[in-house]
Amino acid sequence: MLQRIQSSMDSLLLRPFSASAAAPLSKHPFQGNNVEVQFSNCQPCKIPLRTLSGRYQKCRLKICMKNVNRRYGVVWRSQIEGGPNDTSDHRIGSEPEAFASRNTGNPIQTSLDALYRFSRPHTVIGTATSIISVSLLAVETMSDISLPFFIGLLEAIVAALFMNIYIVGLNQLFDIEIDKINKPYLPLASGEFSVRTGVTIISISAIMSFGIGWIVGSWPLFWALSISFVLGTAYSINLPMLRWKRFAVVAAMCILAVRAVIVQLAFFLHMQTFVFRRPSTFSRPLIFATAFMSFFSVVIALFKDIPDIDGDRIFGIKSFSVRLGQKRVFWICVYLLQMAYTAAVVIGASSSCIWSKLVMVVGHILLALILWVRAKSLDLKSKAAITSFYMFIWKLFYAEYLLIPLVR
């Protein structure tokens, strides 16, 4: 009898449901408290179920559309709640479900870990690395590496990192339901942070960012923060005419504007005109950095949606991955980066500086080869593999910013 019940439960939990499956399931043979099952865009339906222990408990299954046009499927997991005395009546989607393992140790360490994931550390590292690299482009002699340089660099990095946390945090606040499918490990999606906590963090971050920019008094820095704030808000916030992430081209342009243009030009001018008090100039290395990072920003904008295709499709985010397919967008990204690396090799070979020529040519050839070998071996059917490759793209992003200061 237990085997029969186990088999029936496994079938209920694991087998994909069709849209027409809700009615038959309501006549499940087992008796007991109700199972709440909710389909996307449908009302919850009650399904009787008895647990293996013979005790009547409440089980919640989170159901959503895996493919809008074809079928529904069970997503992630079920969650057994309470016991025979549990009379709560939660509904799916009314609050985030815990995903990450709960750390019963130091609560401070647990909170810091959640804050670390909330800040999206790969973007934080990318922002800090890019500002340091671009700032070094303004250095003309070794005497420029002085205390004012480090103070100006620190001011720019701290203000930008607070703005970075505001932007990624705002995106998570408006993507909680999407992230339950795409990124259930994020603190808001997993329930580690409440919405109020998320709002508090991004509010403090925005205030600190603008406060530092205003106190420093650097107009290039302040305008960089302001434009990033406007574009980051318009990208995520769900208001009429906004939430630009829904539109693939506009979303890509937002990321390109911030990562490729604002970071390169504004932070260079911050160091050149505010810290060093020199007239603004657009040098060959700066032009190269802006052009190369334009390619890279487009790749990041395209690739970040490849692992998130399931949630984006369900919630109507018309990314290029949803419209063109994962495989096609993946290879578009790879070829764009190969084109950028080829251009970098040509520019490096034309340098009059021997050491710069050697580093630029050899460095970009190696990066291009590593990218190609990694891309050819990727299993596009594995979401974990795609996500890992996306993190690898960010590592290439960091590596490029190590080479940019050597362009001469």
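In case you wondered, yes, glycine gets a Cβ from its N, Cα and C as well.
For 84-104, the entry in TrEMBL reads region 'Disordered'. Here TrEMBL flags 124-143, 149-174, 221-240, 247-270, 282-303, 329-348, 354-373, 385-404 as transmembrane segment.
Looking at 149-174, 247-270, 282-303, 385-404, the range that has the most CB pairs within less than 8 A of the transmembrane segment (221-240) turns out to be 149-174. Note: the stretches the transmembrane segment (247-270) and the transmembrane segment (124-143) are in contact (3+ CB pairs below 8 A, sequence gap of 6 or more). Nonlocal intrachain contacts for the transmembrane segment (329-348), taken as residues 6+ away from its ends with a CB within less than 8 angstroms of a stretch CB, comprise 288, 291-292, 295-296, 298-299, 302-303, 305-306, 320-321, 356-357, 359-361, 363-365, 367-368, 371-372, 375, 378, 380, 386, 393, 396, 403, 407.
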